[in-house]
Amino acid sequence: MTATTDTLTITRPDDWHLHVRDGEPLRTVVPHTAAQFGRAIIMPNLRPPVTTAQQAAEYKQRILAAVPEGVAFEPLMTLYLTDNLPPDEIARARDAGVVAAKLYPAGATTNSDAGVTDLRKTYKTLEAMQKAGLLLLVHGEVTSSDIDLFDREAVFIEQQLIPLRRHFPELKIVFEHITTKEAAQYVKEAGRFTAATITAHHLLYNRNAIFTGGIRPHYYCLPVLKREVHRQALVQAATSGSDKFFLGTDSAPHPAHLKEHATGCAGCYTAHAAIEMYAEAFDNAGALDKLEGFASVHGPAFYGLPRNTGTVTLRRESWTPPDSFAFGEAALKPLRAGEALPWRLVA
């Protein structure tokens with residue numbers, strides 16, 4: 001890393017949690033990510049979900065076709081864990097270059113209706129993953145209607161994650177997009193096979209952002225933004241230098257008319273300015289010197305992959321993202337649309 005008061009050069013980062021959708025929208029969102037990141041973990045929650053090595057390989061080719069010419073970018077593919085994903089698919093997936101499977105509790109978030117209804121139904125597949133070295137990526141929320149929305153992550157740790165870890169002590173688990181002090185503390189105290197990703201929006205905002213001046217649907221995501229005490233705990237974890245925490249945007253594009261709706265979709269689109277938003281969060285915390293580890297070093301180490309060899313440079317320079325991007329036949333409104341950002345990617 002090299003830095004001055006107004007510029008910062010770091011090893012090219014990776015995004016360890018990304019949604020790019022499919023079809024025509026790929027042509028908008030993939031270039032945004034490829035401009036900043038060397039690699040990205042691609043979420044499998046399409047309709048239908050990506051549940052086979054063959055589907056993952058085909059999806060990867062569609063993503064690569066949307067990467068601008070001359071840009072080096074590698075999508076890292078995942079499978080969607082279901083109650084009946086066969087264990088023998090894991091070996092095929094590993095041989096095809098798939099790196100992980102994603103656990104969505106059924107009903108927890110966008111396109112999660114095919115998700116897991118009972119973790120015990122997946123145990124044979126998880127055993128195969130532990131043996132093959134595939135990672136388990138976890139959306140860590142319970143979905144019981146009697147559990148308060150803001151408590152679902154903390155309850156998941158006690159009811160699901162602790163027993164899961166006890167059964168599979170050497171399965172590498174990424175607790176994705178953590179949002180609470182309880183999650184940060186759990187990961188900090190867990191063994192070397194547990195890590196977590198943190199989004200830029202959960203570092204920058206608490207739940208007040210959803211309600212400032214009225215309902216602001218573009219700040220609505222799952223897991224939902226939490227109290228300020230939780231945001232502060234996430235900032236402390238991200239800027240601590242611990243290799244258990246690394247960058248995962250959870251950038252989740254939706255057509256604007258489905259966000260700005262009576263029952264709007266969950267998800268914040270941040271890929272257009274992701275590394276700039278992380279720089280802002282780390283700068284706010286007085287920890288720009290910790291950004292490279294979080295963005296470029298800890299993730300590859302946990303996944304057992306080499307670091308990227310290139311660099312990116314950020315400059316302290318105010319700029320304003322556009323109000324929207326084309327998204328197939330719809331419009332995509334990014335987080336911070338029309339609002340000034342203090343850091344800009346320049347190389």
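Including glycine, each Cβ sits where the backbone N, Cα and C put it.
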Listed co-binder of Zn(2+) 2 (same site as His139, His177, source Swiss-Prot) among Lys102, Lys226, Lys244: Lys102
Additional site residue, Asp151, Asp243, Asp250, Asp283 [criterion: listed by Swiss-Prot with His17, His19, Lys102 for Zn(2+) 1]: Asp250
Annotated companion of His19, Val20, Arg21, Asn45, His139, Leu222, Ala266 at the substrate site, Swiss-Prot, chosen from His167, His201, His254: His254
Which binding-site residues sit within 10 Å of Asn45 (substrate binding site) - Cα, from His17, His177, Asp250: none
Recorded substrate site residues His19, Val20, Arg21, Asn45, His139, Leu222, His254, Ala266, farthest C-alpha pair in Å: 19
Any further residue of that chain within 8 Å (Cβ to the Cβ centroid of His17, His19, Lys102, Asp250) of the recorded Zn(2+) 1 site: Leu18, Ile41, Met43, Asn45, Leu137, Glu176, His177, Gly248, Thr249, Ala252
Closest of Lys102, His177, Asp250 to Arg21 (substrate binding site), Cα positions, binding-site residues only: Asp250
Nearest recorded site to Val20 (substrate binding site) by CA-CA distance, among binding-site residues Lys102, His177, Asp250: Asp250
